Amino acid sequence: MPLKWVFHGGVSAPHRKNTAESETSVLDIPEKVVIPMVQHIGAPCTPTVKPGDTVKVGQKIGDSEAYVSAPIHSSVSGTVTRVEPMLFAGGNLVMSVEIKTDGKQEVYEGISPPEIKNREDFLKAVRSSGLVGLGGAGFPTHVKLNPPKDKVIDCLIVNGAECEPYITSDYREMLENPDGIIEGIKLVLDYLSIPKAIMGIEDNKPKAYKLLKEKAQNDNRISVQSLRSRYPQGAEKTLVYALTGRKIPSGKLPADVGCVVLNVNTVAFIASYVKTGMPLVQRRVTVDGPVVNQPKNVLAPIGTSLQTLFDFCGGFKSTPYKVLMGGPMMGIAQYSLETSVIKNTNAILAFDKKEGDLPSEWPCIRCGRCVEACPMNLLPLEINRLVLANKIDELERYHILDCIECGSCSYSCPSKRHLVQSIRIGKDAVRRLKVNRN
Amino acid sequence: MENRLFVCSSPHLRDNVTTQRLMLDVIIALIPSTVAGILFFGLRAALVIAVTVSASVLTEYLMRKGLKREQTISDLSAVVTGLLLALNLPPSIPLWIAVVGAVIATGLIKQLFGGLGQNFMNPALGARVILVVAWAKHMTTWTEPFVDAVASATPLSLLDATTTATPVEGSVWYSYLDMFLGRVPGCIGETSALAILLGFVYLLIRRVITWHIPVIYTGTVALLTWILGTDGLFTGDPLYHVLAGGLLLGAVFMATDYVTCPVTRKGQIIYALGCGILTVLFRLYGNMPEGVSFAIILMNIVTPLIDRHTIPVAFGGEKRVG
């Protein structure tokens, strides 16, 4: 079915879905895991365990009083060895819990399916599960599912676009657990009284599209839509527009246009939690990149080190030069292989110098390719020029805060200018300027 | 951390297109016009091309060296400037004037303003305009195609003569076919519409440019020259105006210069309309037959202004106040 709404811009990045046919392998339990207390957008958790404590799988080890936060659970059974700030995927030190595993993977006694009778129970259960958005930034799901009273949600958007190169973690979920996804969608529709759900899958995944379409047949509330394979199709704003024609206003959220967007893995996890009561303690990670010997999809406990995952995939062909958490368009480069897989880690990728190096910048020739590529209709070249000239007060005229940092501008630039990189600096400066003004 | 990893901000993937490749595409797109020029005007034309290209590259090399800046001749933009300048010169131009033109284009207009991307007008056209004003006679002495003889008139100067009501004695109108193929006197690269269109198609296929500026520019000229005919409204000969002079070369290769044209589609449309209107005003009511160079350069200068007033509304920002 052709799409009615096609977002402006974007880039046709290479797909490189090398692991599409790699069925998920289960990682052997690592000797230790390091579980950071920040795995979501919102307030960090405080550890509820101390060195010497024994913990079991699914036992809560960190929580926060704050609403915008999600509890954190142990992914293994074993003994807590350290509770202190440790190197985090973001490059900073974050309070983390290190657990030496005993290999038994004993399940915590308190684990049982949650009792859900109404909307409140459901939201509470989602919070207790520790669920955060498994596709993107890791926003706590219970917050997303509970928008302010004046915002009526009439459409659940299920994100199966997976537009980043390399990553096939969502794709494997769609192939291996389609019933779970449909089950999760139904739960959300039922408990939140949302009349319909639209699932979007990029047209480079015809197998997943066909399968989900078939599975969705017996519930007329759920429709499955094929999306144009174009990065950043899976970004919230472009996705909601492509599937509903609604434009999320500048500075607003999907809820402002009556939508809530959940990743396929996120909805599938809701179904699994409601059935078993086992919190979010593991996830599927695509391990790939030109220097990885055996690229794979791996089901790994949260807190597994990147080194362990790469070892499981046959190690490296040559010394990695750059290692990413996430895809090549928006992923975060890692300082060390000691950092851990967290709840929203969908991929880890390793590159050699040839692919991983930062290209040197040439002068801007104003070719306008960044303007063509920007899904938000911005002028990246002008913002770049102003940021470099430190003209911060002029940046708002160019709508800098609307940038979704998808990186399409930098990708498309023939002069290899660091456009989105400078826009990030500019956004920061504009926010600080605004704070000072008030 | 014995294992030192390289860290930088995303994206970690870049498209294969490079500035150098884009410049190479422009050079490739100019090959038909270059070949046509040499075919019609002989080795003399080839000599002019060789001289301006070498002078342009050498100027860039020496100036970067003199200013202690990193070398940039490998980006091929100096070659493009030299080539475009040659294609905008009469085949009989004294070579020293051609050299002066190349030095003005690459040295003065491009490098003194900061090099690639910093020039406020198209270097080749800017240089051409200075040459036209400084050495008017040499810049308007034309050669007949295929024979090394001075031509009496170009298609455009014929038109100019008729509009001033003193037709050149015994002059013959050029046929559309001759003008389309390029068998008429004129600048080296401007006479053959066919060759220019081949280059245009190549640029479109390679997605170096879009159709907007060339088509809107040419269309505006056609429409206005038709309306503003000498025998009253709607009596003009738009096809003759489109094929004569440097309009097509200007519309396809000069007006589309990235650096000196607006970046948004809306801005480009305003700019192309401006180029078209000015060209017609200069051609019909100016005291020189040609107006393309002046029109484009004026619009080049207005480009920053157009850009400032055509900042697009951000996605989802339509309803925002202020």
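Backbone N, Cα and C define each Cβ position, glycine as well.
Where the annotation comes from TrEMBL, it is an automatic prediction and has not been curated.
What TrEMBL records for the [4Fe-4S] cluster 1 site is A:Cys364, A:Cys367, A:Cys370, and among A:Cys403, A:Cys406, A:Cys413 the residue it adds there is A:Cys413.
By a Cβ separation below 8 angstroms, chain B lies close to these of the binding-site residues A:Cys364, A:Cys367, A:Cys409: A:Cys364, A:Cys367. When other Cβ atoms within 10 Å of the Cβ of A:Cys370 ([4Fe-4S] cluster 1 binding site) are tallied across all protein chains shown, the result is 29. The [4Fe-4S] cluster 2 site, placed at the center of the C-beta atoms of A:Cys374, A:Cys403, A:Cys406, A:Cys409, has further neighbours from the same chain whose C-beta lies within 8 angstroms: A:Gly9, A:Cys370, A:Ala373, A:Pro375, A:Met376, A:Leu378, A:Pro380, A:Ile404, A:Glu405, A:Gly407, A:Ser408, A:Leu419, A:Val420, A:Ile423. Apart from A:Cys364, A:Cys367, A:Cys370, A:Cys413, the [4Fe-4S] cluster 1 site neighbourhood in this chain, defined by C-beta within 8 angstroms of the site C-beta centre, holds A:Ile365, A:Arg366, A:Gly368, A:Arg369, A:Pro380, A:Leu381, A:Cys409, A:Ser412, A:Pro414, A:Ser415, A:Arg417, A:Leu419.
Highest local Cβ density among the binding-site residues A:Cys364, A:Cys403, A:Cys406, A:Cys409 belongs to A:Cys409, counted as other Cβ atoms within 10 Å over all protein chains shown. Checked against A:Cys374 ([4Fe-4S] cluster 2 binding site), the binding-site residues A:Cys364, A:Cys367, A:Cys413 differ in C-alpha distance, with A:Cys413 being the nearest. A gap of 4 Å separates the Cα atoms of A:Cys370 ([4Fe-4S] cluster 1 binding site) and A:Cys409 ([4Fe-4S] cluster 2 binding site).
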